[in-house]
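Asks: Quick paste from TrEMBL:
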- A:6-26: transmembrane segment (TRANSMEM)
- A:47-70: transmembrane segment (TRANSMEM)
- A:76-97: transmembrane segment (TRANSMEM)
- A:118-151: transmembrane segment (TRANSMEM)
- A:157-176: transmembrane segment (TRANSMEM)
- A:188-208: transmembrane segment (TRANSMEM)
- A:247-269: transmembrane segment (TRANSMEM)
- A:281-306: transmembrane segment (TRANSMEM)
- A:341-369: transmembrane segment (TRANSMEM)
- A:390-409: transmembrane segment (TRANSMEM)
- A:415-439: transmembrane segment (TRANSMEM)
- A:451-470: transmembrane segment (TRANSMEM)
């Protein structure tokens, strides 16, 4: 049996198992709290695993391992930003949001503001961030199926994207948050197991001598000692000062973006209490931290055992480094069959990863559309729960269709930047609004609206006029040049602008509600009046 | 100001109470400086990665250099802060929050 067949089979087993779980979960999905928040009945450990599942995207598994394999240390910079970011969520956001919100990010923002403008802004930014992230994953899925299963025709790739899109819609429409959370848990366990297995085999090959592995990686990469220090990918000598500032800009977006990602924020609502929310972030940090340590070994291992040339030959961005390593180390330890099996396993895990992440994103955006835009903005709160959930399900279909359509159109485009753009928007628009709402008495509607639109627009506009979109050979439009902003990552400018816009907007408006601030402050810190878990 | 003179709500009364002020002080005096600290520590690391590459390349033992050790220290500090926060919250925040919550609950029942 070829690795393609085996990998497809394993993936189908994952799909069958998760669909089974989803339909099982749907029997217990009755009201809005079930659909949006999984009945708030997951334990901290379960939600911690699901946080890992939502967060460890294919971009971080294949992408970071690939960057490390090709550019060495710089990939590690990426994973450190992704990890440290969780402290913002742990210390400032998770528990307070769990105590004061209900289903979406906007619940917290609209708490003491005029609800319609704030929910509109929060809904727009939630859907924008989620669609960017979703699109990057969808295009990645198309590319991955080409690399791993040998499907190279555009039709084959398009069909893969349609398949991924349909599955994610089914998970969300049928299983709601309950089904989606279980998909994340299963995926997180599989991904951790797969990554740990390959890591152990790699370390075993080098006698658990890290220095030996590093030396072999530096040699295998063809780059020598430069491979083990920063500077091969970000802020290279050729990019000069702009490159180094770009590195800081990226780092800021990574660290400040996580606590503003809508699909991560709604995870805090799936547990019964703020204490469980804290526990789930602690577990999340543990799992994600260990995972990034594993990818470090995978990346260096791939450079050492597969070699930079062979990796870049398969995919210029190095996205297949982890699967290639799985094959190499499997063959070295268990022989030809072992290599085939291990490659198939890792490829199947990579697909499972994509599927779980896109489901989480679809849920976040359809929840926000139904709860924020439809129920509170269009209908001014005059809807039944049943109607609201129906709209959430319909919007999951629509978002799925949009993601499939855009995913097919964007085939072959370099859309990896959309992930860092999603982080930049989350850090520039959502985080200022959340932090001001929770901690600043004088904050108000005008402040929330200007923080969100200010952060969102500045990030988007700067990217449009950056080298990502035009003016260089790797741009989206390589033949045009309207890039006056020198950085690929807008964060270093757009994040302060988002905070500033929120501050100025709040100061310019006289409106604010001290009684409601007292309420959100007391509720967020003590848990008085917090939404309770559903008991069926 | 949208609210003029009005009867203070239950939340405003709790907010004015000393044990709530103490809870807020305990939370903020831990979370805010620690956030500033890990943020500065992370920025230092990124800046070193951009501007101090010779220093980052200094080999400490075998092929293990300063860059790798500093990167791993970011993991260590993240794990440590997460652990320290959960201990602090369990000892200093949760009991006080529970006390305030129970007080409010008792008041609501007797009202």
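Counting begins at 1 with the first residue displayed.
Just so it is clear, glycine is given a Cβ too, placed from its N, Cα and C backbone atoms.
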Asks: Between the transmembrane segment (A:157-176) and the transmembrane segment (A:188-208), are there at least three Cβ pairs closer than 8 Å, leaving out pairs fewer than 6 positions apart?
Replies: no
Asks: Which stretch from A:76-97, A:118-151, A:341-369, A:390-409, A:415-439 shares the most C-beta pairs under 8 Å with the transmembrane segment (A:188-208)?
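Replies: By the under-8 Å Cβ criterion, the transmembrane segment (A:188-208) pairs most with A:341-369.
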Asks: Please give the sequence-distant neighbours of the transmembrane segment (A:118-151): residues at least 6 beyond its ends with Cβ less than 8 Å from one of its Cβ atoms.
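Replies: Residues packing against the transmembrane segment (A:118-151) from afar: 4, 7-8, 57-59, 62, 104-106, 109-110, 157-158, 160-161, 164-165, 260-263, 314-315, 319-320, 323, 347, 350-351, 354, 357-358, 361-362, 364-365, 368-369, 372-373, 376-377, 399, 402-404, 406-408, 410-411, 413, 415-416, 418-419, 421-422, 425-426, 429-430, 433, 445, 448-449, 452-453, 455-456.
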Asks: Might you confirm whether the transmembrane segment (A:47-70) is in contact with the transmembrane segment (A:281-306), defined here as three or more C-beta pairs under 8 A between residues 6 or more apart in sequence?
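Replies: By the criterion, they touch.
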Asks: Under 8 Å between C-beta atoms and at least six residues away from its ends: which parts of the chain pack against the transmembrane segment (A:247-269)?
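Replies: Sequence-remote neighbours of the transmembrane segment (A:247-269) are 36-37, 40, 47, 50-51, 54-55, 77-78, 81-82, 84-86, 88-89, 92-95, 97-98, 101-105, 126, 129-130, 133, 177, 230, 234-235, 277, 280-281, 360-361, 363-365, 367-368, 420, 422-431, 434, 487-493, 495, 531.
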Asks: Can you tell me which of A:76-97, A:341-369, A:390-409, A:415-439 gets the most C-beta pairs within less than 8 Å of the transmembrane segment (A:47-70)?
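Replies: Answer is A:341-369, with the largest number of Cβ pairs below 8 Å.
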Asks: Among the recorded stretches A:76-97, A:390-409, A:415-439, which has the greatest number of Cβ pairs closer than 8 Å to the transmembrane segment (A:451-470)?
Replies: A:415-439
Asks: When you scan the chain for residues with a C-beta under 8 Å from the transmembrane segment (A:76-97), skipping those not six or more beyond its ends, what do you find?
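Replies: For the transmembrane segment (A:76-97), the list is 55, 60, 64, 67-68, 105, 108, 230, 234, 247, 250-251, 254-259, 264-265, 268-269, 274-275, 277-278, 280-282, 284-285, 288-289, 292, 295-296, 299, 431, 434-435, 438, 524-525.
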